[in-house]
Amino acid sequence: MKGAVEPALESVPPVPAPCRNALRRDAAAPARHPARAAAGNPGARRRAEILTSRRRTVRYNGRCHSFANKPPLDFETPPGLSVDAGGQGQTVRLTGQWTALALARNRGAVVRRAESVATGSVSEWDLSGIGRLDHVGGQALWRVWGRKLPPGIALTATQRTIFERIERLDSQREAPERIVRVGPVTRLGLMLFAFAEHLHGGIAMFGRVILDALSVLRRPQTMPWKETSANIYSAGAQALPITALVAFLIGIVLSYLSAQQLQMFGANRYIVNILGLAVIRELGPVLSAILVAGRSGSAITAQIGVMRVTEELDAMRVMGIPHGLRLILPRVLALGVAMPLLVMWTNIVALTGGALAAKMVLGIDVNYFVRSLPGVVPIANLYIGLGKGVVFGMLIALVACHFGFRIKANSQSLGEGTTTSVVTSITVVILADAVFAILFQNVGLG
């Protein structure tokens, strides 16, 4: 019959052949291909056929299997709602299937009606007429009732269990995170506490580096020299091209700007003094430090941060490998060695660019520029610049390692830590340069 639901079959153990109540296959249904059946087609013999209608005995591959008929589950009964008026209030009776499938077919109409009815004076909710209730239907009713059971309600034991589970899960929901707006004074205090925490961590890391360095002096074989040389190469040799390009352009710009002012007073030859003192004492170390902070400092922070994400730092701790000796000290020593060399390289390239620009603008010969430079710029300025390079390199490495170890095991923290490391390194370099300017204000300027 069209639209009839096929009965559900419950398998039972196979009935020993021959099946007494089974009909022969040829008598049960005519063969679809008589020629093949007459020829004894093995495929036709293997086809499962229903031999009886009372218990549905099926023969397959020469064996008989019996299945018991069960009434089909009625999934077609839609959810229903009826309201009976009473003296003390309305009685709402729910019927049908309150399941996810039935509610989806109903398109939420019965739920909307239940919401409208719940706003009135309802004295009792009768759920005994519901054929089947699942968690989706229970959640729909739970929201209709305002996330609590109404006082007058008729439930079965199974339905009460469902609503108790929903109530328990609803009470365990996480409360939405409250957005706390702090005032400017509170924000300033939090910033000061964060600064104090970072300062404490930086000082502790510096002390660890000192202790590791003293340990290496006693036992040099414990120092990872290969790691140190690799960092010197990556932070120094690989930074030569970008450093040369920036330094050459800075020298040209500085020479052009100075030449315009010197021409007004006829003091063209003093461009050697300006370029030599500015580049060797200030611009060379600071420019190199900024480039190294953006290039090598960010790389160090990212490397240690990735080790945190991949749990390599935890593995090193479990194996007893100290982080300070294996990760921090080689990078601090490498940048302390590479930075003075980069400062010298930056000085040479920047002065070369400035000398070429001075020749084109002021007509000053390059040979005169080179011969006059040692006489107008005292050698103490070169020593100060190289000393700045050593200090700046170590500070950049310490800051990069500090923020690298503070990165958490997620990608967002990795990006934030790398950015903060670069910004903090540049700020620390400028602060250290100001300290150098105050301490050596009477050195190399006379």
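Including glycine, each Cβ sits where the backbone N, Cα and C put it.
Per TrEMBL, the feature region 'Disordered' maps to 25-52.
Among the features that TrEMBL reports, compositional bias 'Low complexity' is placed at 28-43.
Residues or ranges marked as transmembrane segment in TrEMBL: 188-211 (among others). With a cut-off of 8 Å between Cβ atoms, the residues of this chain six or more beyond the transmembrane segment (188-211) that come close are 182, 324, 328-329, 332, 398-399, 401-402, 406, 424.
Taken from TrEMBL, the feature transmembrane segment covers 232-258 (among others).
Marked as transmembrane segment by TrEMBL: 270-293 (among others).
Per TrEMBL, the feature transmembrane segment maps to 332-362 (among others). The list of residues near the transmembrane segment (332-362) in space but at least 6 beyond its ends in sequence, with Cβ under 8 angstroms from a Cβ of it, reads 209, 228-232, 235-236, 239-240, 243-244, 247-252, 254-256, 259, 262-263, 268, 271-272, 275-276, 279-280, 283-285, 287-289, 291-292, 296, 369-370, 373, 382, 385-386, 388-390, 392-394, 396-398, 401.
The transmembrane segment feature in TrEMBL is assigned to 382-405 (among others).
Residues annotated as transmembrane segment in TrEMBL: 417-440 (among others).
Same-chain residues lying 6+ beyond the ends of the transmembrane segment (417-440) with a Cβ under 8 Å from its Cβ atoms: 198, 282, 285-286, 289-290, 293-294, 297-298, 300-302, 305, 384, 387-388, 391-392, 395-396, 399-400, 402-404, 406-407. Beyond the transmembrane segment (232-258), the same-chain residues lying 6 or more positions past its ends with a Cβ under 8 Å from any Cβ of the stretch are 271, 274-275, 278-279, 283-284, 287-288, 291-292, 295-296, 299, 334-335, 337-339, 341-342, 345-347, 349-358, 361.
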